[in-house]
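Structure first, then comments.
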C-alpha cells in the first residue's frame, strides 16, 4: 500500500488534496479557495517576520515601521507584501462570497460550511482593523478611536467597555500592546477556522458545481487535474500581487498614515481601508448611533439569512433570470456603498447611502424570498400547460 494511504497524517493530506473526488465541471470560480489559502500563508509568514522587528509602544511604533522599511534587509518587501496581500485577501473573499451567493453554495447540505465562512469573514475584519492600528500613523490612531468608540453605543455599560478595551481614557500604550497581541494570535485562530471550513465541506457533500445538480454522476480526482488548474490561478495571482508590491505599493493605502499619530490634530476625513468601506457607509447612513452600529453588524451577518430566505427550487441563480438580475443589482449597490464610505458626510451622499442601505437589507429580507416564490410559481404554471 502506498505510504500516502497508510500513514496516519499523510492519508489525511491524500484524502483532501490528492484523491479527493470533485465534480468534473467546476470552473475557475472554484479556485478562490486555494488563492485564499495562499493569502493566509503569506500573511502569517510576513506577519511573524514583521513582529520580530516591530515595537508595540506609542513612542516607538511609528519609528519601528520606518526602521523595518529602511534598515531591515528586504523589510520594505515584507511590509508591502503584508499590506497588499491583506487587500488581495479581502478582494478574493468578496469574490468567493459572491460566487457562493450566485451558485447557491449556502443551500443544504453546505449550510454549516457557509456559517463557518461567515465567522471567518468577521474574524478577518477584526484582524484587519487591529493591524491597521499598529503602524500608529494619523489614520491608525483616529480610526482606532472612532471604531472602538462605537461600543459606547451599548446602553449603560458601553463607555466602561470602551475604557476597558483602551486600558485608559483614550487610545494609549496599553491599547497598542493589546491590539498587537490580538493581531498576532488571531490569524492562527483564523487558520484553525479555515481547517474547520474544509472539514465541513469535505464531510458534507464536497464542492458544488456550476449547474447546481448532484456531482456524483461524473467526478475526477483533485490531483493532478484541479491541482494544476489551481496552480494557473496561483501564478496569475502572484503576478498581479507582485505588480502592486513592486510598482504601486501604497495605492490602496492612505497617505495620512505616513504622518505620526497626533492626538491633538484630527485628520480631514477618517476613512477605514477600502474593504471595510461598504459597512462603514451603512454605519454612517443611520443618524442614531446605536441603530447605526446594529445595522453595520447586521449587514455582515445578513448573509446568514440566505439559507432561510432563498425558497427557490433550483440551486443557484444560473437558471433564474429574476433572481440573477437582483443579484447583479445587489453587487452594483455594494460597490456604490464602497464608494460612499469614502465620501464626506454631506448631501447627496447621505441620501444615496440611506437608499443603498435600504436596498442592501431588502435584498436579503424581501427580494430573495419574493423572487424565489415568483419563479417557483412561473415554473408551476409552465408545467401545468
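In case you wondered, yes, glycine gets a Cβ from its N, Cα and C as well.
What Swiss-Prot records for this protein:
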type: TOPO_DOM; residues: 1-27; note: topological domain 'Mitochondrial matrix'
type: BINDING; residues: 16, 202; note: ubiquinone binding site
type: TRANSMEM; residues: 28-51; note: transmembrane segment
type: TOPO_DOM; residues: 52-74; note: topological domain 'Mitochondrial intermembrane'
type: TRANSMEM; residues: 75-102; note: transmembrane segment
type: BINDING; residues: 82, 183; note: heme b b562 binding site
type: BINDING; residues: 96, 197; note: heme b b566 binding site
type: TOPO_DOM; residues: 103-110; note: topological domain 'Mitochondrial matrix'
type: TRANSMEM; residues: 111-135; note: transmembrane segment
type: TOPO_DOM; residues: 136-172; note: topological domain 'Mitochondrial intermembrane'
type: TRANSMEM; residues: 173-205; note: transmembrane segment
type: TOPO_DOM; residues: 206-224; note: topological domain 'Mitochondrial matrix'
type: TRANSMEM; residues: 225-247; note: transmembrane segment
type: TOPO_DOM; residues: 248-288; note: topological domain 'Mitochondrial intermembrane'
type: TRANSMEM; residues: 289-309; note: transmembrane segment
type: TOPO_DOM; residues: 310-320; note: topological domain 'Mitochondrial matrix'
type: TRANSMEM; residues: 321-341; note: transmembrane segment
type: TOPO_DOM; residues: 342-348; note: topological domain 'Mitochondrial intermembrane'
type: TRANSMEM; residues: 349-365; note: transmembrane segment
type: TOPO_DOM; residues: 366-385; note: topological domain 'Mitochondrial matrix'
Legend entry - Intrachain neighbours beyond the transmembrane segment (321-341), with Cβ under 8 angstroms and 6 or more residues off its ends: 98, 101-102, 271-272, 274, 276-282, 284, 312, 349, 352-353, 356-357, 359-360, 363, 367-368, 371-372, 374-375
Legend entry - Other CB atoms, at most 10 A from the CB of residue 16 (ubiquinone binding site): 15
Inset, instruction - Measure from the Cα of residue 16 (ubiquinone binding site) to the Cα of every one of the binding-site residues 82, 96, 183, 197, then give the nearest. - result: 197
Inset, instruction - Select the closest residue to residue 82 (heme b b562 binding site) from the following binding-site residues, measuring between CA atoms: 96, 197, 202. - result: 96
Legend entry - DSSP three-state assignment (helix, strand or coil) for residue 202 (ubiquinone binding site): helix
Legend entry - Integer Cα-Cα distance in angstrom, residue 202 (ubiquinone binding site) to residue 183 (heme b b562 binding site): 29
Inset, instruction - Look at every Cβ pair spanning the transmembrane segment (225-247) and the transmembrane segment (28-51), keep those 6 or more apart in sequence, and say whether at least 3 of them are under 8 Å. - result: yes
Inset, instruction - For residue 82 (heme b b562 binding site), just give me the three-state DSSP call. - result: helix
Legend entry - Pairwise CA distance, residue 183 (heme b b562 binding site) versus residue 96 (heme b b566 binding site), rounded so that it is a whole Å: 24
Inset, instruction - Spell out yes or no: are there three or more C-beta pairs under 8 angstroms between the transmembrane segment (289-309) and the transmembrane segment (349-365), with each pair 6 or more apart in sequence? - result: yes
Inset, instruction - List the residues of the same chain that sit at least 6 positions away from residue 96 (heme b b566 binding site) in sequence and have their Cβ under 8 Å from its Cβ, in sequence order, or write 'none'. - result: 32, 33, 36, 117
Inset, instruction - Specify the secondary structure state of residue 183 (heme b b562 binding site) as given by DSSP, simplified to three classes. - result: helix
Inset, instruction - Would you mind checking how many other C-beta atoms are within 10 angstroms of the C-beta on residue 183 (heme b b562 binding site)? - result: 21
